[in-house]
Each structure stands twice: as structure tokens, then as C-alpha cells.
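As recorded in Swiss-Prot, the features of this protein are as follows:
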- Asp341, Asn343, Gln344, Cys346, Asp349: Ca(2+) binding site (BINDING)
- 9-36: compositional bias 'Low complexity' (COMPBIAS)
- 44-81: compositional bias 'Low complexity' (COMPBIAS)
- 110-131: compositional bias 'Low complexity' (COMPBIAS)
- 165-176: compositional bias 'Basic and acidic residues' (COMPBIAS)
- 249-261: compositional bias 'Pro residues' (COMPBIAS)
- Cys323-Cys355: disulfide bond (DISULFID)
- Cys363-Cys524: disulfide bond (DISULFID)
- Cys432-Cys477: disulfide bond (DISULFID)
- 293-526: domain 'Fibrillar collagen NC1' (DOMAIN)
- 1-291: region 'Disordered' (REGION)
Amino acid sequence: GFPGEKGPSGEAGTAGPPGTPGPQGLLGAPGILGLPGSRGERGLPGVAGALGEPGPLGIAGPPGARGPPGAVGSPGVNGAPGEAGRDGNPGSDGPPGRDGQPGHKGERGYPGNAGPVGAAGAPGPQGSVGPTGKHGNRGEPGPAGSIGPVGAAGPRGPSGPQGIRGDKGEPGDKGPRGLPGIKGHNGLQGLPGLAGQHGDQGAPGAVGPAGPRGPAGPTGPAGKDGRSGHPGTVGPAGLRGSQGSQGPAGPPGPPGPPGPPGASGGGYDFGYDGDFYRADQPRSPPSLRPKDYEVDATLKSLNNQIETLLTPEGSRKNPARTCRDLRLSHPEWSSGYYWIDPNQGCTMDAIKVYCDFSTGETCIRAQPENISVKNWYKSSKAKKHVWLGETINGGTQFEYNVEGVTSKEMATQLAFMRLLANHASQNITYHCKNSIAYMDEETGNLNKAVILQGSNDVELVAEGNSRFTYTVLVDGCTKKTNEWGKTIIEYKTNKPSRLPFLDIAPLDIGGADQEFYVDVGPVCFK
């Protein structure tokens, strides 16, 4: 007979097996390594950024291993009858059917008109599973199945194009404390310590004959290093330097974790040979041209110069700006002599100073440190203050020069030290024989006290305005005993422009039995 009309659509089938995992996305090459920035303070955590746009579709990689079959989903709700599909291609001829029973031969009737389409019948009971049929033609795509489990990681794909530079990461956690360093050499002899408190005056002893001045004793052993002071407060952030030249590309980073399965993409011709991007083939090292060697050497030299600026060593070739900078860069170092360059110019005018890391001071020694013993001045005229640097012995001024640095260069460095400091201090020791330095025990006043001249021509006196008054730590020059004594004078100020001392003017001198000499202590800035 003639083929019947196409029947209504059947019920929706059960969910298909899970699809194969999508190809792995390409790993972007690491960004170009930037120059190290200046060390700033730890910032507050930023707000979470907005979700970025999805990246471009990666090149299709080889299919991953087939995942295990997912669990059978529950039957879906019956869908509405779909529209009649297009006529399918004729199927292949089936096997001949079995012979039926012979029917009664009827008379040939006339072809009848096509009847109306009947209503959809009720779904029949599910039949038993039939034998596996032959492979039919490819049907229309079915509905998307449920997402299967993540498949095993596929092989590493070829290197993708260079990615955009990522945001700066947050500073890492503080590393563990390093191992203690080896014991260093014995340090140089330290500066003279502060004198002790003035003791109670003893009973006057019998005046003995003045003995000859003994020879200088041997230098004692170096004292033990003091305890490290507390770390200083973090200084203000420095000015941002000019942008340096672009550094060389860093080495490839480690492979990232497998990405989520990508969407199935259509075929696309990229216009290049796939063998060029195979990651499992070793790359031959690039050949460097002569100019590449010159560029590489220049970049290494610039990197070394940047490292010396960030971490000064306190040497003549790599001086620090102040002792405080050296202390911040190397908190484990102990006090001693180091090279600094306060004006940050050419290192040829760097100066050698004593860095006291326990107090954070930068100390510069006077040259010379002492004025030798002598009957400096003889006069029978009226008593008055006489300046050592102007009148006595043709002028003997206090200098603060360092070997290899001119007086003009030293003056420039001292000017920068005053600008960088908030506090300054210095002491001077007046050795006397029958000369009053501070208080006259006979009269009980300070009329015979010495006067000191500061670096900005200010005169520092024993009494008066407290801003210009020095302090006496030890006063052993209060009366005439025909023996040597000493008076230690100290001046501290929050105006560094007033130091160092440039001159001293004693008053009680000029007699035949009067002698004195001076030890100028280091000036310390903080």
C-alpha cells in the first residue's frame, strides 16, 4: 500500500550523556618585568574590582579524556508537540519482512480522499528495549545535557599571545629572621663617653709639689658593642624618581592551574602552521647579535646602580646620605665609622663620620681634636675675653675637614647635614692650670666663664637667654691650685644651624703661671 502520513512527535527523550570537557584555555606569557619602585608604606586593602570581561576565545586544544558517564537525570516534563520536522532522507532498505498469511483477494477499490488528521493518541506503554539498530543518519542536535564532571587536565597548550600587565600585588609576609652573621673584626676606638655626675667636694688636702706630666698610657681594649637601639620611625616617602628604561623580559612563569572548560567554538583558520606553536617541542636558544650583548651589559649596569641607591653600604664608593639611612637599610649593623654623602652629588666629596646607631646620631670629628699645651697668651693689660681663633698665637680656628675633602666641600656637606637634622649637640673640654673656666669659687659668680662661638656667629654664654646658654657637666677649673684641672662644656639645641663650635674665648688667662689647652669634641646631628 501507500505510505501513511507522518505520525505525531513522541515524548521527549531522557537526558543525553554528558558532553566531553571543553579544551583548556591558553596560558598568557608573563608581562615585562618593571623596575623596582621606591619602598612605600603598606597601603590599605583596596576595594574589590569589577568582574572583567571574558577573554577572547582560545585556540581549540586537543580533546581531553572522556569523563565518566553522569547519573541519569529524572524524566523531564512533557513538552508541547513540536512542529512537523522536515522530511528526512530516505532510509536504507530494511531487510525483507517475514511472509504474512495469505489474505483473501479483494476487489480493487477507487482511491479515497485523504481523511482529516486524527487527534494525537494517548501515549502507549513503554515497549521493551529492542535490538540495537544500525547506525542511522546524523539527526538534529538534541537539547544540551547536564554539565558532566570536570575531565582530567589535558596536555599543556601552546603559548598564547602576551597578556596585559597585571595589577601590582600586595606585599608578601615578612620573611623569617636570617641566621646570625659571623663575628666581625674589632671596631675602632669609640668616642669619649659623657662624664659622670659631679661628686661631693672632698676635704682640702695638703698642697703637694706639682709632678711632671706622665707619658700617655696605652690604648685600652675595645669595649663591647652596645645593645641595638629601637628601630626608628619610618621616614616620609621620598620623591618619585624618573622612569627608568624598560627592563629585560623575565623568565617564563610556572604553568597555571587548568582553566574551566571553554565554550565549544566553531572551526576557524588562523592562517599559520600549528607546528610552530607546539609546546612539547624544545625551542632552540635565540642567537644574540652584538648589539644585544651591549644592551644586556647596559641593563646590568643600570640595575647595579639602582641597587646601590636603594641599599647604601656606607663605603666611599657607595656612601649613604646620613647614618639614619644606613641604619634603616642595615638594622643589624653596629655603630662605627662609615662614609656618607649628605649633598647626594658626586661621591668624590663623601665624608667619613661616626654613626652611633644606638642614638641615631651622625658625628663629625674636629681637625685637630685638641689644641696642644702651651702658655698661649701673656698680657698685663685689663682682663677681657680673647678669641683663640683671632688673637691668640696668630689665630687658631676649629676645623672639621676630612682627608681628601677641601674646606669648601666640607662646608657644603655641613650645610646639608644641618638641613637634614632636627637636633645637634657638641661638647668641648677646657684643660686649665690656674685659670677659671666657668664658676669662680672665690666670688661664686660666672663673670670669668668662657664664651663659645657657633657656626652662625651666635655667641654661647654661661648665663642669660636659655636658648644660648651652654651646660657644664664637670667643673674642675674653679680655683688656682697650680695643678691641672678640666671643665667639660656641652651644648644641645634643636637649631642645628648653631653648631659646630668655631672658636672659644677665655677670660682668665695672660698670667705667667696660667696655662690652658682645649679638646674639641665631635659635633653630632640627629
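Cβ from N, Cα, C; glycine included.
Here the features listed in Swiss-Prot are painted onto the structure.
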residue	record	Cβ neighbours (10 Å)
Cys323	disulfide bond	25
Asp341	Ca(2+) binding site	21
Asn343	Ca(2+) binding site	16
Gln344	Ca(2+) binding site	10
Cys346	Ca(2+) binding site	9
Asp349	Ca(2+) binding site	19
Cys355	disulfide bond	25
Cys363	disulfide bond	21
Cys432	disulfide bond	26
Cys524	disulfide bond	25
Using DSSP and three states only, what is Cys355 (disulfide bond)?
-> strand
What Cα-Cα separation, expressed in whole Å, is found between Cys432 (disulfide bond) and Cys524 (disulfide bond)?
-> 25
Can you check how the pLDDT averages out over the domain 'Fibrillar collagen NC1' (293-526)?
-> 88
If you measure from the Cα of Asp341 (Ca(2+) binding site), which of the disulfide-bonded residues Cys323, Cys355, Cys363, Cys477 is the nearest?
-> Cys323
Given the Ca(2+) site residues Asp341, Asn343, Gln344, Cys346, Asp349, which other residues of that chain have a Cβ within 8 Å of the mean position of their Cβ atoms, reported in sequence order?
-> Pro319, Pro342, Gly345, Thr347, Met348, Ala350, Gln413
Distance [Cα-Cα, Å, rounded] between Cys355 (disulfide bond) and Cys363 (disulfide bond) = 6
To the nearest whole angstrom, what is the C-alpha distance linking Cys363 (disulfide bond) and Gln344 (Ca(2+) binding site)?
-> 18
Smallest Cα-Cα separation from Cys524 (disulfide bond) among the binding-site residues Asn343, Gln344, Cys346, Asp349 is shown by Asn343
Cys477 (disulfide bond): tally of other CB atoms within 10 A of its CB | 29
Taking only the CA atoms, the spacing between Gln344 (Ca(2+) binding site) and Cys477 (disulfide bond), expressed in whole angstrom, is 44
Cα separation, Cys477 (disulfide bond) to Asn343 (Ca(2+) binding site) (Å, whole number) = 41
Distance, Cys323 (disulfide bond) to Cys346 (Ca(2+) binding site) (CA atoms, angstrom) | 18
